[in-house]
Structures are given as C-alpha cells and as structure tokens.
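To start, the structure itself, in structure tokens.
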Amino acid sequence: MLDTLLINIGQLLTMDQEDGLLRREAMNTLPVIENGAVGIENGVITFVGTVEEAKGLQAKEVIDCGGKMVSPGLVDPHTHLVFGGSRENEIALKLQGVPYLEILEKGGGILSTVNATKQASKEELVQKAKFHLDRMLSFGVTTVEAKSGYGLDDETEWKQLEATAQLQKEHPIDLVSTFLGAHAVPKEYKGRSKEFLQWMLDLLPEMKEKQLAEFVDIFCETGVFSVEESKDFLLKAKELGFDVKIHADEIDPLGGAEAAAEIGAASADHLVGASDKGIEMLANSNTVATLLPGTTFYLNKESFARGRKMIDEGVAVALATDFNPGSCPTENIQLIMSIAMLKLKMTPEEVWNAVTVNSSYAINRGEVAGKIRVGRKADLVLWDAYNYAYVPYHYGVSHVNTVWKNGNIAYTRGEQSWSTATI
C-alpha cells in the first residue's frame, strides 16, 4: 500500500525526457501528463501516470490536487548561503553608479561580509542560514548548492563549511557544499594572489578527508584571479578529487567560459561577458552555463547574459538565484524564472528545464533530482497554478502551495487547500 497518492493533478510536469543535459529543442520541451497522479512509498516515487492508470492503487492518504499543477522540487545550483551581516548600506553607492570593484577597494562589497562572517559564531551562521533555507523551501526549492567564500582565511572558511554540514543534518533541503576560498584576494595578500591560492590549496586534502566540500570554485575576474591562475588552481583541485566550478566573465570577457570548457568544469557561472568563442566551446562541452540574471537585475546593469544565443547554439543552460548579501539578496527562484523569461529571452519551457534538469546536472545531482520518475526521491511541489506558464508570467509572488521532501510535507502555505479523497 502506498503512503500517499496525489490525484487530479491538472498538469504533472515530470521533466522526464532524455537522460543527460538538455540542449536546443530539448530545453524547449516539457513532458506533461494531463490529469496526472503520483504515488509515494517510503519517501520514494513508486507511480507516475494518469488518474485513470492509478485506479486500483491503494494508499493510506489520497490527496485531491483539484486540477492544480505539480512539479519536481526546484534546484538552486548557485548560492552563497552561509554568511554574517547584510549590506543594505551599499544600495546608495550602487544607485550612484559606483562600480563593484571600486566598492571592493574601499573595504565594502565582499570584504564587509567577510568581516561580519568572521565575527559570527558557527551557531549564529547556522541559525541565519536556516532562515534563508526556510524561505527557499517556501519558493519550491528542495536542493541547494551552498558556497563558502566569506572567510578568506582558513579558520572562517572551515567555520562556513562546518555550518553547511550541520545544516545538511538539520534542514530538509538537500545541500551541496562548495569551497570558494578563492572568492577575493585579502588585503594582506594584495599583489601576492598566487601565494594566497597556494594557501587555499593547502586546505584541500583535509577538506576532502572530512568530506566538507564536493566542489571547488574560484572568482575569475579583473582585479581578482586571472584565467591562468584560475585554471591552475582548479586543475590542482581536480587532481585532489574535487569537481570544479568557476565564476566566469561576470564583469569582463576574460575567457572564463573558454577555461571552464577546457578543464571540464561542472559549470561556468554568470557569463554576462562570455565571448562567442566561449559560448561555442561551452556548447561542445558538458559544462553547464549557470546564468544568474537576478544579479544583473539587482546591480541595475543593462547587459544580461546572452541566454537566447547560448540555447540556440547548443549550450546547456541552468538558472540560479546567486543568493548573497551584496549583489542578489533574494531567495526567490520564481522571480529569477520571470527575469530570465523577460531579459534572457527564454521560453517558459526553457525556464522550467533550467531550474530542474539542467540545474541538477550543474551540481552533479542529475541522477537524483530535477525529475518526477519512479525510483527517485519524492521531492514534489504543488502549485497554486493550473499551467506551467503562469508561474513565470505572474511575477513577484510565490505560487507554491505545498512542498514534499522525501515524501513528507516540508512546507505548506497556511491551511492546505487540497482535500483528501478516495480513488
């Protein structure tokens, strides 16, 4: 007997088409079951089909979804989850057009967050991050990548990674940990970036042994780390058994996209300034282009990543919030979906695939997250919407009704609007 059976699902977005990364037309295709049903047993999906096909199934609880839509839990593959403080005091500077790198040079930007994170205890960081994770869950997210990077020293980086490990045990959202020690060059290492990178590399063997990080990331940008420094750093991390990511071409077209494809990074993120050659190389690789349009929007920039061109050229595109205290302080992945549709010229179908299937592959979770398929974890979202286009169309609010994580209700908005029923 099933534990739970969801019936009368108006649109069941299984996202279950071809295995692997979605490109071109596959990104613009959504497998939808009309009048669908999903069965759950011991936290795992055991039935996917129509209500007609579900007749005869028995369950301890049958939930009538009332014609509303159900999707997989969403995947946010790029966040800076664990940090201290906030940076609302920088809004005025940004409105005046002060460049981020100039704010950074004055001790603001990431350096402000670094100081706040250093001063916070691990428990304070955990409690703050739980608040943000609860919000992410309320927007339908069930899997999140979480970066360190607000320490720029060994003690604080360890503290962030240990906080993430504790959150993995204490919060229902699945977390994927990334070490971003190479997020900026500390003042004391100004002009000695290679020495700083070696210090960060020296931390990796113990980090691997303690399983505190799965990925290693670096901020490849003018005034931070060069393309060659980034490639060398990430290749050494790969030799130690880590998968790698890269903050690439966010501000200047340095060739970060090309570097990511060349070294086989799991993802290249931002890519606002990615060159035509970089896009071509990404299209011919298994590196996911994780686009972060919320950051461009919040920084009030005119030029967004060329998402339309990337998809047309065959790049596997994912979307993420880039949740962080400085350049994108939002947990709302649904807002990111809307911005991507309007500013990156992505279709609703492409947007949905970019926050489920491709985003799961960007963090090596393509075989366990992002699809509704028999045998996978029952990470499901019931939406207060009757078709998938409505969610990115009606922007600025959350359309989530209920979230199931591993078959258990992890979030519901007020009183549940669905009703129990028999089949």
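Even glycines carry a Cβ here, placed using N, Cα and C.
Among His247, His399, only His247 appears in Swiss-Prot as part of the Zn(2+) site alongside His78, His80, Asp322. Among the candidates Tyr150, Tyr361, the residue that Swiss-Prot names alongside Arg87, His183, Glu250, Ser327 for the 4-imidazolone-5-propanoate site is Tyr150. The subset of binding-site residues (His78, His80, His247, Asp322, Gly326) lying with their Cα within 10 Å of the Cα of Arg87 (4-imidazolone-5-propanoate binding site) consists of Gly326, given in sequence order.
On a Cα basis, His80 (Fe(3+) binding site) lies 11 Å away from His183 (4-imidazolone-5-propanoate binding site). Long-range neighbours of His80 (Fe(3+) binding site) (same chain, six or more residues apart, CB within less than 8 Å of its CB): Ala146, Lys147, Gly149, Tyr150, Leu180, Asp322, Phe323, Asn324, Pro325. Just so you know, of the binding-site residues Glu250, Asp322, the Cβ with the fewest other Cβ atoms around it within 10 Å is the one at Glu250.
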